[in-house]
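Remarks on the structure that follows.
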Amino acid sequence: MSAREVAVLLLWLSCYGSALWRYSTNSPNYRIFSTRSTIKLEYEGTLFTEWSVPETCFVLNKSSPTTELRCSSPGVHAIKPIVTGPDEEERYLFVESSHTCFLWYYRVRHFFNNFTQLITVWAYDPESADPDELLGNAEEPSINSIVLSTQMATLGQKPVIHTVLKRKVYSSNEKMRRGTWRIVVPMTKDDALKEIRGNQVTFQDCFIADFLILLTFPLLTIPEIPGYLPISSPRGSQLMASWDACVVASAVLVTDMETFHTTDSFKSWTRIRVPPDILSDDERRSVAHVILSRDGIVFLINGVLYIKSFRGFIRLGGIVNLPDGGITGISSRKWCWVNYLLKAKGRRSTFAVWTENEIYLGSILLKFARLVTTTELKNILSLSVTATLTIDRVEYTGHPLEIAVFLNYCTVCNVTKKIFLVIYNEDTKQWVSQDFTLDAPIDSVTMPHFTFSALPGLLLWNKHSIYYCYHNFTFTGILQTPAGHGNLSMLSNDSIIHEVFIDYYGDILVKMENNVIFYSKINTRDAVKLHLWTNYTTRAFIFLSTSGQTYFLYALDDGTIQIQDYPLHLEAQSIAFTTKDKCPYMAFHNNVAHVFYFLDKGEALTVWTQIVYPENTGLYVIVESYGPKILQESHEISFEAAFGYCTKTLTLTFYQNVDYERISDYFETQDKHTGLVLVQFRPSEYSKACPIAQKVFQIAVGCDDKKFIAIKGFSKKGCHHHDFSYVIEKSYLRHQPSKNLRVRYIWGEYGCPLRLDFTEKFQPVVQLFDDNGYVKDVEANFIVWEIHGRDDYSFNNTMAQSGCLHEAQTWKSMIELNKHLPLEEVWGPENYKHCFSYAIGKPGDLNQPYEIINSSNGNHIFWPMGHSGMYVFRVKILDPNYSFCNLTAMFAIETFGLIPSPSVYLVASFLFVLMLLFFTILVLSYFRYMRIYRRYIYEPLHKPQRKRKKN
């Protein structure tokens, strides 16, 4: 070999590992990749000669390592750089012919006085936008964007904000201002995922793409404090990170130089610094694990937990019920479930802490409790007392209420150990041992990551290989490579696994320490090597953006970080084209609009899923559920075949068929038939080329705490808002007290009273509401009672008029049966018995008032005619088959009117007595007069005085 050839070889070897090429567009997250897009090509290395592109594509400067590419025709285009040396990888770019050309841009202002957010929206063209718009830094639209938005508005464009979870819609109520629309939405934490949508309006044959955004309460980064010192991982270690499962834009990254905190996917960030007097220099450089929680950033350093928050930097130990040392690991939730059904009191945990022998669960406000010890686990799992059992890992599963515990078990712990798996449910408090056992070297380190699925599924990896368990541990094995083995290090220059990334679509990225990436999908057995995107020496980490796309974060040598969008699906398509991997079906659809459904008594959920596939392949949809067996299913399948393709549609109805009436253990039966069920749809065959692996959603059977009832026509508006007192006459009270009752009318609780003439009958109309507003009128039976004990009212229907065959339940009879209970608990759905059967109850007096009301029986409340009064009623749904919730509401009625005149007979009697008394007095006075007259007729009343003679 000549000296020149040796020099060339050495040059090539020095460049090997750093020579690569990539591409980008002006559209964020590669959302528009079409014939209209400008594709920027970039070669990183020193051996570049020129670009090789097909004839249908045009390169601005073919001999420049950095240039622009446009492809005028859609399809798959082979692009690669020509270099001096071994050929570089050829990519197959899928260029679309799309009429989606424009994007939405938004800015947000927060108003804490009324907890709203003002979203300013405009349309922009990525091919003609200002640099600030492309970088996401623009505060106002550019001239081109103003013109575009104004033109679109003239054609009828008006964006709205759709919330993904609660399906609410917000629109602009203002006129357009300088090419922008302004939309006000409320701040929320449980409906943060939103989408900007526009009308189907075109300009120059182009539409605006819908845009997914994440809006929560404003999040702040922890500020840097002068004089504080950096905290980092050990020198030379790989990057570690943690993020909020429901707000992926909020994340923390630990490098061997600094720790960075962000709330906007690292578009901006702050460095985390700690006081100089708490940790030594070695401790500050010894971060082993990190967790981002709502209370702050939790660091694990030398077996001790520390937390950095806005309040400072403190050590966590005995003050929060945690060990002061010996902690071996911490973990947090990976998947976001905003809604879930938790029957037990309390909160679910947000992260786990463990030592070799103990597990602690933590929730918000740094509340920790010990969950279990290995000694207790030996008893629970019936393991040998003499065997060695230690806690290997604790990981949250894809289920919102379950935690997986990996246990190391051995009797003679010299060479190998067995790894067992048990799952703990935070709601039922039950431990379930799984059909999972793995033999491993005694000193091996394995890392688990559960998938987003209804049935438990996970990936478990060591330095070189990945072990998969899908479909509740029934589909297992080692992830294979095209080389026929499962050792990923052999295909990545002996590098070891650094990160395993899984998204909600089932994509799996295995990143090696040298940035070689392997790609797989859940429910598949193999992985393929993707094109090199980042050079071997750059320290990188893969994150998920708020739009559901992936991006790389690079830690640079100068102590800063940088982000770069990663076109995962374009890269996967390129490899699939090379390997001729095809999805076995053409389309997989469903109408599951939510990820969380509530089913109450008497309700059913009907959904459908459809698969389109080539003839003679026999595909179908698999429906799987996980959780308590509390739901019944009905299936209906329809099939169509045309033009060589088959369409199979499966319609499912989930329901309950339980009668809760006349059962002795009402509450126990309710509890047995409530719970959380996870359901997933997946095709019977699958490959890495398929877009979505499966559809996962929850069905919660039980009481929706956002459901309530109210009485139609009653509100807290339309009256003077004030509390006042009034007196109830003791004779009007049910329990007959010895004195009158003075009560206070609490307006904030009772609302405005309805004023009725006491000649008017009243039938309450009960309405059902949830957090979205009015749902329907309630047709079920309900009862009412006056909360202060008044019983001077009645009902117009008798038991006989209502169709009773025996004596119905009344407040009087129920109080007699349940004297030990307060009034509001003596009668309810748990002890309700109807009166429409001869087999139940006793005949009794059917002329009594019927005290049960519904919307159709015409039963009304009527009032006493002799006096007015204030009545505060509580209404309760009585039907035991209506709801799992104890639905009650309050309303107040004030009666008024003229006191009615007495009857004619009473008046006549009174007048007769009065006349009789008058004539009696008259006669008596007559006889008295005559007696006096007769006595003095001859004798004057006043005798004259005679004068005496003087002697």
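Note that Cβ sites are derived from N, Cα and C of the backbone, with glycine treated the same way.
For C246, the partner cysteine in a disulfide bond according to Swiss-Prot, taken from C101, C336, is C336. Checking C703, C719 against Swiss-Prot, the residue bonded to C752 by a disulphide is C719. The number of other CB atoms found within 10 A of the CB of N796 (N-linked glycosylation site), across every protein chain shown, is 14. Comparing the glycosylation sites N61, N414, N854, N881, N886 on other C-beta atoms within 10 angstroms of each C-beta gives the minimum for N414. Rounded to a whole value, the Cα-Cα separation of N796 (N-linked glycosylation site) and C719 (disulfide bond) is 29 Å.
Around C410 (disulfide bond), the same-chain residues at least 6 positions away in sequence with a Cβ under 8 Å from its Cβ are A387, T388, T416, K417, K418, I442.
Long-range Cβ proximity for C703 (disulfide bond), meaning a same-chain Cβ under 8 A and a gap of 6 or more residues, is found for D600, T674, S883, F884, C885, N886. Annotated pair C206 (disulfide bond) and C71 (disulfide bond), C-alpha to C-alpha distance, rounded: 18 Å. For C583 (disulfide bond), the nearest neighbour among the recorded positions C101, N114, C246, N535, C752, judged by Cα separation, is C101. Looking only at Cα atoms, C752 (disulfide bond) sits nearest to C246 among the recorded positions C246, N414, N487.
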